[in-house]
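Copied over from TrEMBL, here are the features:
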REPEAT    10-48  repeat 'HEAT'
REPEAT    164-202  repeat 'HEAT'
REPEAT    203-241  repeat 'HEAT'
REPEAT    242-280  repeat 'HEAT'
REPEAT    281-319  repeat 'HEAT'
REPEAT    320-358  repeat 'HEAT'
REPEAT    359-397  repeat 'HEAT'
REPEAT    398-436  repeat 'HEAT'
REPEAT    476-514  repeat 'HEAT'
REPEAT    515-553  repeat 'HEAT'
REPEAT    554-587  repeat 'HEAT'
Amino acid sequence: MATIDEPLYPIAVLIDELKNEDIQLRLNSIRRLSTIARALGEERTRKELIPFLSENNDDDDEVLLAMADELGVFIPYVGGVEYANVLLPPLETLCTVEETCVRDKSVESLCRIGTQMIEQDLVDHFIPLVKRLAAGEWFTARVSSCGLFHIAYPSAPETLKTELRALYSQLCQDDMPMVRRSAATNLGKFAATIEPVHLKTDIMSIFEDLTQDDQDSVRLLAVEGCAALGKLLEPQDCVAHILPVIVNFSQDKSWRVRYMVANQLYELCEAVGPEPTRSDLVPAYVRLLRDNEAEVRIAAAGKVTKFCRILNPELAIQHILPCVKDLSTDSSQHVRSALASVIMGMAPVLGKDATIEQLLPIFLSLLKDEFPDVRLNIISKLDQVNQVIGIDLLSQSLLPAIVELAEDRHWRVRLAIIEYIPLLASQLGVGFFDDKLGALCMQWLKDKVYSIRDAAANNVKRLAEEFGPDWAMQHIVPQVLDLINNPHYLYRMTILHAVSLLSPVMGSEITCSQLLPIVINASKDRVPNIKFNVAKVLQSLIPIVDQSVVEKTIRPCLVELSEDPDVDVRFFATQALQSSDHVMMST
């Protein structure tokens, strides 16, 4: 009997769990749909499982979301693409629910299924589904339908294509703003499937309606449509239809629309081409850079370098640079921060002379800004300026500001400077580095903030790699080792960390003669934290030094530490001894 009932068991479990009050059981059941479908076989999945799911009226959004997701990859379980249409009814129902994320996932799954369906099935099943949703009584169905037109349209016969275009036009004029928003969002995808002859007539009239919508939430989505449509139209049509819309949007009464234009401006410039950009979009961009709303200025400031690349240097200096100077002293710290993150990229665009005359003073004022993020953004992009004006001028003008920032009260600014030091060192050269920055690197090892001390230890290692062991032996190692006698145990721990990082760079000889004795002496420290860090460092030195040194010096020290009263010291010492045994066995 059990063997006869076996195929019924999975569906029985599914039905029981789908009706269970515990949401987690219902979720687990939905997520196991593919397993259950395999157990049932393709025919029973089509005839029993899918109808059951269509009738399932679970009210929990999480369960519905999981179902919408599962059904998107269900084609193999119903018998392949020729039976894909059986998956449409449950997804159609899910497209009408109130929860947005469920509808979005259902539309995504329908699109995935639609792209695999046979052309005739699309005409017989998918297009009627789109038409039903588009004419739905509830706005939720109409919102979902907008995301399906680009799948339905290419396979439709001519008469249906005309009907689909007319339906989309109706959705763009729907009474509900949510439907118009969805239509505006999906217009670019739909337009990409439409023939050029209809693109100029039908789609452009739809687009113009959306750009004049009374809801700013619809108009700002139409801004994205500008860039998408611009790529589909011929250049002359783009200038005639898209350019006036962009210019109008840049003066829109809603700051959200202006913000969207500022954010999308580079893509919009690519759509209309370089000439119209220079003649028409430069005044629009200048307006955005001087906008009353800080959010709009932030978006515009963040695109300043990209925009200048489209222009010639003369236009950039004449029109954009005066705005940049104003923005560098803007009342909003976020505007200054957005400008600082991109302004360095203007140096290659403007060339050496303009950078020295016009940009360097702006860099210096931003480097001295009271807001740490502004200073950080300038520091992290200094290499772009170095490539244009050369290291001599950079060091004369900007280095004093960098030295000042190395002692900044905000630790994240100090951290950014430390991370930039190896790059700066390679650009400045060893002589300049020794004079100006060497002392700073030692100073950071005694910083009050752990992250700075940790970064300083890594910095010392990277400098040793950059300038070589001989330079490090002369300029770094003696000063680092002097700090092992610092009265504060946290600083002594930093030095041990620095030793473990320097050893692989310095090689076996210097490690044995200079670094190892310091570590061995530290094992007599009164602080347990130092002692167990000694054990860790000794473990890291084992592969670097000769076996004889391990036997004569390292192991006796570790044996002594393994008998320490402190449990952590014993643990790490024992671990290091085991590592030593393992190395001996492998050699």
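Glycine is no exception: its Cβ is also placed from the backbone N, Cα and C atoms.
The average pLDDT computed for the repeat 'HEAT' (242-280) is 80.
Through the fold, the repeat 'HEAT' (476-514) approaches residues 441-442, 445-446, 450, 453-454, 456-458, 460-461, 463-465, 469, 521-522, 525, 527, 529-530, 533-534, 536-537, 540-541, 544-546, 549 of its own chain, all at least 6 residues removed from its boundaries and within a Cβ separation under 8 Å.
Within the chain carrying the repeat 'HEAT' (203-241), a Cβ under 8 angstroms from the stretch's Cβ atoms is held by residues 165, 168-169, 172-173, 177, 180-181, 183-185, 187-192, 194, 248-249, 252, 254, 256-257, 259-261, 264, 267-268, 270-273, 276, all 6 or more beyond its ends. Beyond its flanks by at least six residues, the repeat 'HEAT' (281-319) meets 243, 246-247, 250-251, 255, 258-259, 261-263, 265-266, 268-269, 272, 274, 326-327, 330-332, 334-335, 338-339, 341-343, 345-346, 349-351, 354, 358 of its own chain at Cβ-Cβ distances under 8 Å.
Helix, strand and coil content of the repeat 'HEAT' (164-202), in residues and according to DSSP, is 31 helix, 0 strand, 8 coil.
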